[in-house]
Each structure stands twice: as C-alpha cells, then as structure tokens.
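Right, one structure below, let's go through it.
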C-alpha cells in the first residue's frame, strides 16, 4: 500500500489541492496556529511594505500537510502581489526556470515546492537571480557561445521543503527568512476544523470539531480531509449536523482511532506485540510479518509512531514502548521494561 491510499496520509491526494483552496486562509489574521511564524512574518511583511521593497527570500520547511503552500499564498496576498507556483521536479532544465523568472513583475512571489529536488543545473541559475536579481543566459553553442546577463525585477522566492537537510548550503544560505512549521495542537486544529466547516456550510458542534481534531495527527490537511468524510456520514446516517457522537462513529467506521492511527499503524504494532514480543526486531523481519516493503515501514508508518512515543529505534532494532501496550490495554513485558531502562533509544 502506498501512502496516498491512506485516509490519514499527510500528502495531498489528487484534486485535493483544489478542494483545500476553498478553506485556506488568505491573510495572516485568519492563519491559525504557528504563533511564532505568524508574528515574525507579520513584522517582516509590514517592514517590507513600509520600505516598498520585495520581501526577503523565504524558506518554509516541515512535515507535509502543515500549510507551506498556504503560507506562500498568504505572503503574496499580504504583499499585494501575484503568486507564480511551480515545483522542483517540474523545473527540469535551466530554460524552464528562466521562463518563469522573466515573467515575474516587480515584487511578485515565486513559489517553488519541493525545492530540495531542484537539479544542480537549475539551482546554479537560481543563485544570481536570488542574490543580484540577474539571469545569466548562454547564447549560441561551441566556440561562439557567450553569456549575457538579464536584469530581473526584485522578487521574493518562497521555497518549501519537507527535507531541509537535503538543501545545499549555497541555496540555504541565500534565504533571508527561514521558518519551520510544527505539528498543530488539538486546540488549534479544532479551530481549523470549525472554520472549515463554516466555510463549507456544515453544521457542527464544538465537541464534534474537537473529535475530528484529536484524530488528525497534528496536520490541518488530514483534519480537513476527515471533516469532508464525516460530513458525508452526517448527511447519510444523520441529520447533517456533526456532533461528537456522530464524528466518533464516522471515524471508527473509517478505521481512524482516537490517536489518529489507522489499520496500517495498528497492524504493525500488533505484529510487534504478537510475533516479536515487543522487539527488538529488524525492519526486514517486520516487513515480512505484515507483508509490506521496507520503504513503506520506514517512510510511511514508522515516523508518526516514533513521534508519538509508541515505538523507538535502538541499536538492536525496533522496540515498542509502554504507550503501545497501554493503547491496546495490555501490560508491557518485564523484559522490555528492564531493557529500556538501560538501553539507549536512538
């Protein structure tokens, strides 16, 4: 199973970006959560507008689904300029980037998603464009080839990535503003769900919003996706109003439990409990036990379980923590309690 098959996958599904546009905040005043990011960006944007300058180039990084694209749109709206969007894999040749840069107006925002996936050739073109607002273009071929410089209007590059560690130092150093987006707490997600419900014309109780929020894995994209599915359930099985009880029934039917775990998460945890006595166990053995490939376990299932403190990586392999046993109403084996007391968790 691939990640986008999962209801609680943080990556966008096909057509989901179009649906999310209806509920995305357009200005900082409507931006919920990330208080430090919101406060800083408000100051930076206000200062740039007072000086009548383009905002400094901005790098936004963090796990998928937390609102990097939303923040880029807000920056453009607050600055009163146009937003041009693309992504790292799309910009295959230097000419692709040059075409976008030469179409920018003064102050415009160029948003590059997955910027860590830019090819080295394209990245080289970006350096002088970011630093000096100049574009170096080669004209002709062979001995007759020559380089010419084109002046570009001042613009703001907003780069987004889920893998900040893969950015090269020269590229990372050219961003004047760097913002990390964190997972959202239940209170902020409840606010987001309630706001989205109002925009979609869905009748909802506050406790219904909270029920969806606490199962959304700290991710607004998942929260909005669950809201749409619970809305379907409310219209067919209820009177259209989302209550706490109805949301609980709908999400249980969708196999999303109170911690935001789905069947893949639970299958892995139960396999470790029943087949490997809680670990330690190697990832290859675990993959064979649940009939998934190693990459799916490492990249799709494991990260959230580790982040929530249900699993740990040790030098000897994966082990479950007390939280995993408590989740299923089980007692942790004494052997594991003793070993975790003296073994380093990586």
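Keep in mind that glycine also has a Cβ here, set from the backbone N, Cα and C atoms.
Not measured: the values here are computed from a predicted model.
Pulled from Swiss-Prot:
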BINDING   24, 65, 68, 69, 70, 131, 132, 133, 174, 184, 221  ATP binding site
BINDING   69  Mg(2+) binding site
BINDING   294, 313, 318  DNA binding site
REGION    4-184  region 'Large ATPase domain (RuvB-L)'
REGION    185-255  region 'Small ATPAse domain (RuvB-S)'
REGION    258-346  region 'Head domain (RuvB-H)'
Per DSSP, three-state class assigned to residue 318 (DNA binding site): strand
Distance, residue 318 (DNA binding site) to residue 70 (ATP binding site) (CA atoms, angstrom): 36
Using Cα positions only, nearest of the binding-site residues to residue 221 (ATP binding site) (69, 294, 313, 318): 69
DNA site, defined by 294, 313, 318: further same-chain residues with Cβ within 8 Å of the Cβ centre: 281, 282, 283, 286, 297, 298, 302, 317
Same-chain residues at least 6 apart in sequence whose Cβ lies under 8 Å from residue 68 (ATP binding site): 60, 61, 62, 113, 160, 181
Overall pLDDT for the region 'Head domain (RuvB-H)' (258-346), taken as the rounded mean: 79
Candidates 24, 313, 318: member of the binding-site residues with the richest Cβ shell (10 Å): 318
Spatial separation of residue 294 (DNA binding site) from residue 174 (ATP binding site) - C-alpha basis, Å: 36
Between residue 24 (ATP binding site) and the residue listed as 'Mg(2+) binding site', the C-alpha gap once rounded to whole angstrom: 10
DSSP three-state assignment for residue 24 (ATP binding site): coil
Between residue 132 (ATP binding site) and residue 318 (DNA binding site), the C-alpha gap once rounded to whole angstrom: 49
Between residue 313 (DNA binding site) and the residue listed as 'Mg(2+) binding site', the C-alpha gap once rounded to whole angstrom: 32
Rounded Cα separation (Å) that holds between residue 294 (DNA binding site) and residue 69 (Mg(2+) binding site): 30
Local backbone state of residue 313 (DNA binding site), from DSSP in three classes: strand
